[in-house]
Amino acid sequence: MTTYKGVGVYAGRVIGPVLQMPEPIGEPAANLKLNPNETGEQAAERIKAAAEAVKADLLDRAEHASRDGKAVLKSTSQMATDRALLKGAIKLVENQGVAPERAIWEAATSFADQMQALGGYMAERVTDIYDVRARIVAELTGQPTPGIPTSDEPFVLAAIDLAPADTATLNPEQVIALITSDGGPQAHTAILARGLGLPAIVAAKGVTEIENGTVVYVDSNEGVVNTEPTDEDREAAEKYANRKPLADFDGEGVLADGTHVPLYANVGDGKSAEKAAGLKAEGVGLLRTEFGFLGYDAEPSVETQAETYKSVFDAFPGKHIVVRTLDAGADKPLPFLNTKEEENPALGVRGFRTDWTVPGVLTRQLEAIKKASEGSDADIWVMAPMISTTSEARNFANMLKEVGLETRGVMVETPAAAVNAEAILGEVDFVSIGTNDLTQYTMAADRLLGDLAHLNNPWQPAVLKMIKLTVEGARRASTATGTKKYVSVCGEAAADPALAVVLVGLGVDTLSMNAGAIAAVSAVLKSVTKEKAQQIAVEALSQISSAEAKAAARDMLPVLDELGL
Ligand code: PEP
Ligand code: MG
């Protein structure tokens with residue numbers, strides 16, 4: 001038996017055959033010329049036919065995909081037969097005698113480069129173009145279709161990591177678990193797995209070497225994959241398969257003693273807000289406004305911004321909404337804000353700091369938020385990301401005052417903000433702890449690096465202590481000012497049901513997460529009183545490692561096993 005160990009990001013125990021993500025399609029040789037047996041015209045026809053076949057295949061996959069996947073696949077299918085793309089490739093074939101697969105590769109690459117120059121990182125269209133490029137080359141050369149494999153039976157998907165386009169098209173009825181050799185517990189694949197409620201293990205070195213068809217046991221509570229399931233493993237998987245079904249969220253987060261712990265959603269735009277409202281989120285605890293700016297080469301006008309914000313507010317009439325100002329930089333650069341190359345972008349000019357290098361954008365964004373709020377009866381709170389000092393909090397609060405935005409806050413994402421929470425909360429009304437960044441800065445571990453996934457884990461006792469310090473600072477600030485200062489958590493930690501209990505036990509007032517995770521978090525919170533949550537938090541905090549902190553909390557939460565969480 002071979003055992004692989006990684007970091008479990010969504011609990012579950014399943015047994016099934018492994019299917020590996022196919023090898024990515026490689027670049028055809030740079031000097032690949034047209035086959036002398038084929039005329040330019042014939043090659044051009046072949047390109048068109050391959051593009052049509054790819055389009056038809058994507059549309060067929062869209063039929064069987066989840067709701068979000070459908071939209072992604074449909075938009076990608078349009079890209080396959082994009083006229084400019086095909087024209088570019090055909091020109092290369094007919095005028096320069098380039099082989100069709102090389103021609104598509106070059107045409108798509110230059111098209112993607114143009115898009116990249118126009119838009120921000122990960123501009124959706126660029127991902128689409130690369131996806132389509134690989135598919136057409138595979139079709140032209142007879143290689144297996146790239147992307148998530150399909151099978152007649154459910155399977156465990158193994159991959160290095162998943163691209164955003166892959167994750168959006170993943171069908172949870174086919175894929176019963178995800179195991180990746182890279183990625184971290186706060187990165188993209190983990191967020192997706194939690195949203196889909198899919199057992200997942202990331203940073204499990206070696207899993208990409210498992211032969212296709214090998215039956216494995218995946219225990220994502222323990223972060224373990226076994227290639228020869230034992231009887232005990234089979235029993236555990238069967239118990240998981242017969243777990244109590246998770247009820248839909250009923251619209252109010254409550255503990256067993258009736259304490260209300262509002263459960264909010266993290267959203268990026270009107271569409272995701274509508275989806276969150278459909279899942280009965282109690283409001284929005286984090287609107288990542290930079291998502292609405294991706295793909296813009298220049299700052300959008302105040303009117304355009306206001307419309308985007310309004311579409312989110314409209315999804316939650318009368319409800320609580322926390323708007324976060326632009327968090328550009330590091331892994332989310334925007335071309336009009338992040339103009340210089342940086343050696344260490346995570347430690348660079350990002351978040352609130354961009355106001356120092358490109359002044360004006362933040363002020364106009366606040367005007368747009370104010371404008372959108374005027375036509376809405378939602379309760380709008382506004383906060384800034386990446387705050388390190390009390391004077392930054394004061395300056396931000398003054399900017400909000402000037403435009404007439406009433407409820408002011410900042411994020412706690414740096415150890416500096418956590419240890420200074422009391423002073424910071426002398427300047428603002430609330431804080432929201434971004435545990436994704438707070439973990440990376442506390443542990444000095446890049447949140448995108450799979451090799452550091454064990455450090456980049458919000459269960460790390462040092463991170464839990466940072467959260468405790470923040471809550472204690474907020475309590476003192478509340479007493480000193482005679483006004484309740486609120487503490488929320490809007491990082492991925494809030495979406496982990498066991499960790500959510502610890503956060504509540506530490507004194508966090510509200511939690512905000514990917515809307516798909518709310519039902520599980522709510523079900524577990526319902527099983528504990530405030531007092532019990534406090535005991536669990538004390539237990540977790542007294543451990544010396546993330547694994548022990550997690551195990552200590554889980555041992556005190558039998559409901560996790562019942563629900564298979
Ligand atoms: C965080 O850092 O936890 C957070 C919520 O912000 P983001 O993930 O957008 O950096
Ligand atoms: Mg952050």
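We number each residue from 1, going along the chain as drawn.
Note that Cβ sites are derived from N, Cα and C of the backbone, with glycine treated the same way.
Annotation source TrEMBL lists active site, tele-phosphohistidine intermediate at HIS188.
What TrEMBL lists as active site, proton donor is CYS490. Under DSSP, CYS490 (active site, proton donor) is assigned to coil, being neither helix nor strand in the three-state scheme. Long-range C-beta contacts of CYS490 (active site, proton donor), restricted to its own chain and to partners at least six residues apart, with a cutoff below 8 Å, comprise TYR264, ASN266, GLY285, LEU286, VAL322, MET411, SER432, ILE433, GLY434, LEU511, SER512, MET513.
Cβ neighbour count for ARG288 (phosphoenolpyruvate binding site) (all protein chains, 10 Å cutoff from its Cβ): 20. Per TrEMBL, the feature phosphoenolpyruvate binding site maps to ARG288, ARG324, ASN436, ASP437, ARG447.
Look at TrEMBL and you will find GLU413, ASP437 tagged as Mg(2+) binding site. Applying an 8 A CB threshold to same-chain residues 6+ apart, the list for GLU413 (Mg(2+) binding site) reads GLY351, PRO385, MET386, ILE387, ILE433, GLY434, ASN436, ASP437, LEU438, TYR441.
Positions annotated as domain 'Phosphotransferase system enzyme I N-terminal' by TrEMBL: 5-125.
What TrEMBL records for 153-223 is domain 'PEP-utilising enzyme mobile'.
Summarising the annotation, TrEMBL assigns domain 'PEP-utilising enzyme C-terminal' to 254-528.
Checking the recorded positions ARG324, ARG447, CYS490 against ligand 1, the ones with a C-beta less than 6 Å from an atom of that molecule are CYS490. A simple way to gauge crowding: the CB of ARG324 (phosphoenolpyruvate binding site) has 25 other CB atoms within 10 angstroms, across all the protein chains here. Take ARG288, ARG324, ASN436, ASP437, ARG447, the residues named in the record as contacts for phosphoenolpyruvate: the widest Cα to Cα gap among them comes to 20 Å. DSSP places the residues of the domain 'PEP-utilising enzyme mobile' (153-223) in helix, strand and coil in these numbers: 17 helix, 19 strand, 35 coil. With a cut-off of 6 Å between Cβ and the nearest atom of ligand 2, the binding-site residues ARG288, GLU413, ASP437, ARG447 reduce to GLU413, ASP437.
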